[in-house]
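Okay, so here's the structure we're looking at.
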Amino acid sequence: MSAQSPAEQGGSTAAVIEEPANPPEHPKRFNMSWAISLFGTAVGAGILLLPISAGAGGVWPLLIITIIIGPLAFLAHRALSRFVLSSRVPGSDITMVAEQNYGRVWGMVITIVYFLAILPFVLVYGVAITSTVDSFLVNQLHGPEIPRWLLALVLIGAMMAVMFFGLNLMLKVTSFLVWPLIAALAFFTLYLIPMWDLSAFSARPTVGSLVFSVWLSIPVLVFAFSHTPAISQFSLSMRDAYGDRAEQEASRTLRVANILLVIFTMAFVWSCVLAMGPSKLAEARAQNLTVLSYLANDTGVAIIGIMGPIIAICAITSSFFGHYLGVAEGVVAMIRDSAPRFTERLGEKGVKYLVAAIIFAIVYVTAVVNPQILDLIESMSGPVLAAILFVLPIVGIYTIPGLTKYRRDYLRNGFVLIFGLIAISGVLFTLFTGA
């Protein structure tokens, strides 16, 4: 691996990508695998709590957010993908593009911020998969309680093994996990229809309360739809597969991913909100229960309670894979920029193994210790991740030469930036006021 910095490489015009390096044998299947992976990255364990958070303000704010969230998520993630694809240097991920265009210092700042914004989510998933499987084995299957250190070792080791063997295996495993997840969401959406109570639509909130509820609901849905950590590696994979057609193929794939998110995630949210109503949603929140756990207790149908942990396990695992891509990217960039000679001596595979070992150790220790402060750290990283998704690519459009052709798209750029800032302000308000 060359010790030459990405910034120096960016000055060369010789490295121009024209033809795909590894065109897929089945492009449609390849694109669909990525769409499913992006869906899985977005749909984490929080999917079972999302109806409670998203429906807290009532059906009218939820209706407005449902209309907004699809275009907003698609345009923001597409802009971030274009940011990555703006480089003409082969293999340039988001950290390299930042350094090429903003210099070594600002590139390192963006890399560190990017890493710190995603790391808490990976740690949370390490804790969550251990706790969820432990609870499932003991409470649903009535099995023995496995020591947490051993259970975490097996579960996190298994997830890391998938990432260790590369993107192709990750895409296959993610598809294996996400299709049943989609089927389960669809099943419960339809199952709850007979319980719907449409009287909530008769409520007429004041303009002030409606605007306030929409403001606080935007961050909830934005993070529920976020597949930001996987976008950089997704974009590189598209470039590797399609060359100069990468942007068009990436856009198509992102559109499919976001359509799936809108259809299955929002349908599940709406079905739960209409079936439970404001009082039961508030009761579930007060009891700190997921919607399926609450419904299992409320209806007496045990299978609902059993399905909850299974859905959560699939969602946690698929989301872990997508977030790992972003964390690994950040660690590689920090090692590369801080110790170029060491990086060159170790080689690309050596760096990959070292990074995997570092991340495994951090996630494993965190899963065993299970620190209470982790949720707070995750909440604090939310605004930073939102800034990377909504602000960085729009700034890039007006500062990076390779994105010049998108500068006159004022309507879409403004839409992403304005609602991104609204999301950031909403999550900051919630963080500091506890609203």
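For all residues, glycine too, the Cβ spot is worked out from N, Cα and C.
Keep in mind that what you see is a predicted model, and the values were worked out from it rather than measured.
What TrEMBL lists as region 'Disordered' is 1-24.
Taken from TrEMBL, the feature compositional bias 'Polar residues' covers 1-12.
Positions annotated as transmembrane segment by TrEMBL: 34-52 (among others). Here the transmembrane segment (34-52) has Cβ contacts under 8 Å with residues 77, 121, 125, 128, 132, 170-171, 174-175, 177-179, 181-182, 185, 220, 223-227, 229-231, 234, 237-238, 253-254, 256-257, 260-261, 265, 268-269, 272-273, 276, 281, 284-285, 290-293, 308, 311-312, 315-316, 318-319, 321-323 of the same chain, all six or more residues outside its ends.
Per TrEMBL, transmembrane segment is recorded for 58-76 (among others).
The transmembrane segment annotation in TrEMBL covers 105-129 (among others).
Per TrEMBL, transmembrane segment is recorded for 149-169 (among others). Listed by sequence, the residues of this chain that lie at least six past the ends of the transmembrane segment (149-169) yet keep a Cβ under 8 A from its Cβ atoms are 126, 129-130, 133-134, 233, 237, 317, 320-321, 324-325, 328, 356, 359-360, 363-364, 367-368.
The transmembrane segment annotation in TrEMBL covers 176-194 (among others).
Listed by sequence, the residues of this chain that lie at least six past the ends of the transmembrane segment (214-236) yet keep a Cβ under 8 A from its Cβ atoms are 34, 37-39, 41-43, 46-47, 50, 53-54, 56-57, 61-62, 64-65, 68-69, 72-73, 77, 80-81, 84-85, 91-95, 118, 121, 167, 246, 250, 253, 257-258, 261, 265, 322-327, 329, 382, 385-386, 388-389, 419, 422-427, 429-430, 435. Summarising the annotation, TrEMBL assigns transmembrane segment to 214-236 (among others).
What TrEMBL records for 256-279 (among others) is transmembrane segment.
The transmembrane segment annotation in TrEMBL covers 299-332 (among others).
Cβ atoms under 8 Å from those of the transmembrane segment (353-374) belong to residues 119-120, 122-124, 126-127, 129-131, 148-149, 152-153, 155-157, 160, 163-164, 324, 327-328, 331-332, 335, 346 of the same chain, restricted to positions at least 6 beyond its ends. The transmembrane segment feature in TrEMBL is assigned to 353-374 (among others).
Here TrEMBL flags 380-398 (among others) as transmembrane segment. Long-range contacts of the transmembrane segment (380-398) within the same chain, counting only residues at least 6 positions beyond its ends with a Cβ under 8 Å from a Cβ of the stretch, are 76-77, 79-80, 82-83, 86, 101, 110, 113-114, 116-121, 219, 222-223, 226, 228, 406-407, 413, 416-417, 419-421, 423-424, 427-428, 431.
What TrEMBL lists as transmembrane segment is 410-432 (among others). Non-local neighbours of the transmembrane segment (410-432) in the same chain are 68, 71-72, 75-76, 79, 215-216, 218-219, 222-223, 379-380, 382-383, 386-387, 389-391, 393-394, 397; each lies 6+ residues outside the stretch with a CB under 8 Å from one of its CB atoms.
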Closest-packing stretch to the transmembrane segment (256-279), where packing means Cβ pairs under 8 Å, from 58-76, 105-129, 176-194, 299-332: 176-194
